[in-house]
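As recorded in TrEMBL, the features of this protein are as follows:
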BINDING   D:GLY39, D:VAL40, D:SER41, D:GLY42, D:GLY43, D:ILE44, D:ASP45, D:SER46, D:THR196, D:LYS225, D:THR247  ATP binding site
BINDING   D:ASP45, D:GLU201  Mg(2+) binding site
BINDING   D:ARG176, D:LYS209, D:ASP216  deamido-NAD(+) binding site
DOMAIN    D:16-98  domain 'NAD/GMP synthase'
DOMAIN    D:166-298  domain 'NAD/GMP synthase'
Amino acid sequence: MTIDQTVLRKELRQFITDSFLIGDDQVVFADTDSFMKNGIIDSTGVLELTAHLEEKYSVTPSDDEMLPANLDSIDNLVNFIQRKLSATAAQ
Amino acid sequence: MTIDQTVLRKELRQFITDSFLIGDDQVVFADTDSFMKNGIIDSTGVLELTAHLEEKYSVTPSDDEMLPANLDSIDNLVNFIQRKLSATAAQ
Amino acid sequence: MEFTKDSLKIDAAAVTEQLCQTIRTQIRTRLHKTGAVVGVSGGIDSTVCAALCARALGPERVVGIMMPEKDSSPLSEQLARKLAAQFGFQAIKEDISGGLAGLGCYERRDEAIRSVFPEFDPSWSAKITIPTNILEKDTFNFFHLTIENKSGESRTKRMPLAAYLQVVASSNLKQRLRMTTLYYHAEKRNWAVIGTGNKDEHEQGFFVKYGDGGADLKPIAHLFKIQVYQLAEYLKVPREIIDRTPTTDTYSAEVTQEEFFFGLDFYKMDMLWYALEHKVPAEKAAEVLGLTVEQVRHGYANIERKVNATEYLKLPPLHAV
Amino acid sequence: MEFTKDSLKIDAAAVTEQLCQTIRTQIRTRLHKTGAVVGVSGGIDSTVCAALCARALGPERVVGIMMPEKDSSPLSEQLARKLAAQFGFQAIKEDISGGLAGLGCYERRDEAIRSVFPEFDPSWSAKITIPTNILEKDTFNFFHLTIENKSGESRTKRMPLAAYLQVVASSNLKQRLRMTTLYYHAEKRNWAVIGTGNKDEHEQGFFVKYGDGGADLKPIAHLFKIQVYQLAEYLKVPREIIDRTPTTDTYSAEVTQEEFFFGLDFYKMDMLWYALEHKVPAEKAAEVLGLTVEQVRHGYANIERKVNATEYLKLPPLHAV
């Protein structure tokens, strides 16, 4: 399974807006912005986010993958999800 | 029953110091100073004070006597207690 | 601005919109939560808070918790359910009697009551009241205990300090267990707990520290009680809730908030307080409110004393440096 | 001042005298109370707080409350009684299991545990742990649930969010019922409640809002854990308390505070934190602590992230204006 990057980016942004910004799409953040540093998600929010990845994309970060480099911005998420999905597809 | 004014004044001051100032006799307040306004006693403290008057001097303020003019300084207390005690003695 | 009978009138529509915006922003940006848990008692304050949250966040992000215990009026639950149905949020019932019994609430309270009235047993109900003649004289607060039996007989005595403190300490277990129950539901969902106190309760100290005083946000803590009623009318909450006399919902005998804490009806108290805050001369306030100047002065003194006495309740934990 | 292995050494005698003076003044002048209620768990923090209060106020103005529940270690009560005997204050035992059962604490927690391990029943004990390799990489916190049976068999899984939130929400009932119990004893006497958290717990957010976080004063909230140990030595508290490994005293399986929250031993954490606060370059801290520069950087990042995440826990209730 692969997902178009543009679609993925849009879906993730929508999820962040709905779940953490209570639907307020006036809040501006770039695809490279850290969720944590910009106060969009806190540490419990990271767990909500990984639960969503599991449910929606069947992507489960291993313990070793619970890193800001994988999860803490739209860009990091897109790269991480695509990497995980192509690894699954390659098996 | 009557009590010497000087003794009464001293006893009351000692009770205030022990009970509300936790024994700290460095705190300075005049015989005319309001306990409430000087932060020495709060509204629950007033009830502790009336319980003490009852126990030590058998003086019970009636509902109508629960007034700052009777209870809210050393001077007011001395006058109130002496008035109550002589009223009892006169009966 | 001149002090008139209408000084506490608000533009309820504008206030509602501004409050909804604030609730959204605070929950999201300050608290990082995604919904709201409100204790719904069937009283006017919790009703307005729940209605505001449902409007601000959408009813699917709000849950109302009904927390009766054995001394509660059954009417509270009926009204809370009606409210939830009207505004579309989920209502959950958590009976806290078991928790209270486990902590010895009823036993400890009854022990203190029996120290005053040895004949007291569970067939009697009980309440605490304060003097309500506060406009007539500058009196300290003191407390009467009244017990009533089913045939309507009642007995009243002034409470000795130890009995008073133990009855209050026992009753405060109720507010703290309610806070505890609200946080259970909030933490389970990663939502925020709403405190439902109004300005009267908050600033005069009519709340329990870390009980109903313990919450994440308090949307109406700046509004006078009579302003909360105006929001209730605008939000079209059930009429029976608006018409109900505010009680403490804590004592087995029904006791109004006027008898238990404020000592004055809400309209007079709020207007006097507003006048005091805005430094309205006693003569002017007396004229507008139909009181004597002396009555206004006693009212001012009583409110000032209560406001000054609340510091302890609002202090954050003190640190040693 | 240069950063050395001794940077957190204090003059325990001087600190003790200053703390006693502060406790007296705060209780009297700020809080208008006349004594102190301390929850005594047999842990180092509550022990030092109780000893300080007994010294500051006299033991007759201090009461220590032991609050075991069915998951507590019996050792806690023994140590608390020994402490009370040594310092001369009254110790009162309040078992909170009944209150917890009444609020459904154990049931709600076990329901969440069974959603992860369907085989879980009361013959197993359970605990939650976090990664303890925080010096090795810059990882987010996530949580493992471990269950153990009496034959020593254990099973571990990473917790789904819903299960994690419900276990924590259920366990937090314990801290809130302890706060509630302390206030019962304080309000009955018109005394103050002492919060026993140290700087590590307070500033990294290892406390429950309106649970152990709810108190009138917190005498050691500015002291690093390893400084609290120095006070304990000076105050000559029972040796077994000093030597005991700090646990959460919340989960049925014993879990150290290192495993559950801090992820690092106290000496390294406190020293790293002090270094971070004093802007000690990572190279210098690495040299003093015998760590690599990379490890120091990961430690700094972890502490900073925790400190930043605590705002919610410490916020007073937000108002709308």
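Even glycines carry a Cβ here, placed using N, Cα and C.
Taken over all pairs of the listed ATP-binding residues (D:GLY39, D:VAL40, D:SER41, D:GLY42, D:GLY43, D:ILE44, D:ASP45, D:SER46, D:THR196, D:LYS225, D:THR247), the Cα spread reaches a maximum of 18 Å, rounded to the nearest whole number. For chain C, the nearby binding-site residues by a Cβ gap under 8 A, listed in sequence order, are D:ARG176, D:ASP216, drawn from D:SER41, D:GLY43, D:ASP45, D:ARG176, D:THR196, D:ASP216. Around D:THR247 (ATP binding site), the same-chain residues at least 6 positions away in sequence with a Cβ under 8 Å from its Cβ are D:GLY43, D:SER73, D:GLU254, D:VAL255, D:THR256, D:GLN257. Other Cβ atoms within 10 Å of the Cβ of D:GLY43 (ATP binding site), summed over all protein chains shown, number 21. In three-state terms derived from DSSP, D:GLU201 (Mg(2+) binding site) belongs to a helical segment.
Sequence-distant contacts of D:ASP45 (ATP binding site), defined as residues of its own chain at least six apart whose C-beta falls under 8 angstroms from its C-beta, comprise D:THR196, D:GLY197, D:ASN198, D:GLU201, D:ILE220, D:VAL228. The number of other Cβ atoms within 10 Å of the Cβ belonging to D:ASP216 (deamido-NAD(+) binding site), over all protein chains shown, comes to 26. Using a 10 Å Cβ-Cβ cutoff, D:GLU201 (Mg(2+) binding site) registers 23 neighbours. In three-state terms derived from DSSP, D:THR247 (ATP binding site) belongs to an extended strand segment.
When the record's deamido-NAD(+)-binding residues D:ARG176, D:LYS209, D:ASP216 are compared pairwise by CA position, the greatest distance found is 15 Å. Sequence-distant contacts of D:GLY39 (ATP binding site), defined as residues of its own chain at least six apart whose C-beta falls under 8 angstroms from its C-beta, comprise D:SER46, D:GLY64, D:ILE65, D:MET66, D:MET67, D:ARG178, D:THR181, D:LEU182, D:ILE194, D:THR196, D:ASP212.
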